[in-house]
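Asker: The structure is given below, and queries will be raised subsequently.
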């Protein structure tokens, strides 16, 4: 039984005798034999080499670990090394074994000498537990078996699932708050004075939305849109945005506590990555020299310039989307199809959002290549440093890819397009799109909703279906030959390893970035859930649904569709914690800006307290926002239109002398009114106030919740105390003897 334990399997094509590849393969396997590895060969449609490491390698490792942890134990006791450590050590040695041609496994795989190298999913009790308690849809709302995940996939994967579970659990509170906000908007604020005024304004004639043959229109046409806007844009949203800023901080602080507890339970709090790496290098080759830390300012400058160039390109793409929407709007408005011309604005926004989704998909691929290239330029020292540097770069690129168009809609749309008679134009022809008369926040809402729904549904379906289909295809490809062979010669007993190795080979390969991709996807989702959440209070709810499915989908993928991951040790989620903290700070800024700039919250408040009828009369029976809509629209005289604008001057049989548009400008010379500057000052004041209050609350929350629970600190203290006491008593015992 013990004989058939294989740590790793190498797969290669059957090369001709004496060919270059065959010689290289032999050299590599000879190097392994020199190190005392046992190698078993099985031939099928491919060549399979089972590799088993000699016991002394693991004893060395245990000895070094024990010294590192300075645990006083009897050195001769060789307890069994955990399977995960075994695979990790063998993987390290395989990857770092150098042939006489100075080639490593990585180079040999590039040259197609070997096709794959992977540890095996074995028939173990722990695997059955995971399949039963974790990797199936029936256990969707049960607690995840983190301990078992750790014993099978190693600490790094276990910490990812612990983090994801924790995040999902805390999303419940954010989702509830978001739901309450929307419900409050739909019930309490649906009868708001502002939307009532828009719905009653059937005599307010608005300026045309395009230059050629567009008619005037009546404000009350946009009644339903106004009601939707006030469902999102009301006082409850401000409270919700504050809540989310605090939630993001509390989530991170509680996760730090959870992590400390878990890591202490696993006895990893003293573990040091550099030491681990050095230990493995020395076990592999005693002559190994450490790789020094280095930093070059020239290299950093080049990387910075290249990264900024890519960010410029990403912002340029956002501009292209803006231009697309302006042109689409003009074309849709003039279209013969009634449906299109009636809903030109909505159609332009929706097709724009779909286009944005497509650019996200394509740019993700580009970003990945650029980030890898920049990472190679940087020459990181260790694998984990390489991952950290790659993570930061790709996150920044992905952030701009996903958010630059949203940033435009939130903060620039409708603020840079001029006014009737003097519009800002693209190439002197197309007018920039405007906000809807009831506010810009609904455009942001639509864009966020479309991107989040598309991203989560399509990406998740693809993420699951692609491995599933490719696994089925590989099965079909590998099986048929074997059947025909078995018919002819049945007397030869089949090697029990063969079936197992073949089954593992048919699974999809995992690469070093498998877990990385999951993290990245979650970070982008977390950004959507926090940064512009004021405009889309349902984001946490969508994220919650997505994560409940995501956890089990990842589990099923890892257990049933992918080869076994090489387990890795880790005591935290690495650089991602800093990324989460950065997103938390951005969320405060983003939501502050959305409420101050995008939403109509500030203009309404300024009107209420400075310009409304309430300020003149002391009668309290009146709603203070009465007359707000009339006050927020400026007057434009028809004769001042640009000469090339063809407007139909008649509207429902009346000659029209003037029309209204959304802005605060004087009727005679179209300069800004005093009220515009009042509102501008109020927006700035609110922004500064909101950010400072939210950041203070974040700091207080961070101070209030300790990062490490007292129980954990006491455990560590007790450990140190016991070790020192043992050391001293041993020493006294020796001196007495």
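Quick reminder: no glycine exception, Cβ is built from N, Cα and C everywhere.
Whatever TrEMBL says is automated annotation, not expert-curated.
The feature domain 'Anoctamin dimerisation' is assigned by TrEMBL to 75-146. Residues or ranges marked as domain 'Anoctamin transmembrane' by TrEMBL: 149-715. The annotation transmembrane segment is assigned in TrEMBL to 157-186, 236-255, 302-324, 344-363, 390-413, 523-552, 573-597, 680-705.
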Asker: Okay, the transmembrane segment (390-413) and the transmembrane segment (302-324): do they have at least three CB pairs under 8 Å, pairs separated by 6 or more?
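Answerer: Result for the transmembrane segment (302-324) with the transmembrane segment (390-413) is yes.
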Asker: Taking DSSP states H, G and I as helix and E and B as strand, how many residues of the domain 'Anoctamin dimerisation' (75-146) are helix, strand and coil?
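Answerer: The composition, in the requested order, is 33 helix, 3 strand, 36 coil.
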Asker: Cβ under 8 Å to the transmembrane segment (236-255), counting only same-chain residues 6 or more beyond its ends: which ones?
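Answerer: For the transmembrane segment (236-255), the list is 163, 166-167, 170, 173-174, 177-178, 180-181, 184-185, 188-189, 530, 533-534, 537, 540, 577, 580-581, 583-584, 587-588, 591-592, 594-595, 599, 601, 690, 693-694, 697-698, 701-702, 705, 707.
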Asker: Which residues, given as numbers and ranges, are at least 6 beyond the ends of the transmembrane segment (157-186) yet have a Cβ under 8 Å from it?
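Answerer: Hits for the transmembrane segment (157-186): 143-144, 146-147, 149-150, 230-232, 234, 236-237, 239-240, 243-244, 247, 250-251, 254-255, 258-259, 262, 515, 518-519, 522, 526, 529, 533, 537-541, 543-544, 547-548, 550-551, 554-555, 558, 565, 567-568, 570, 572-573.
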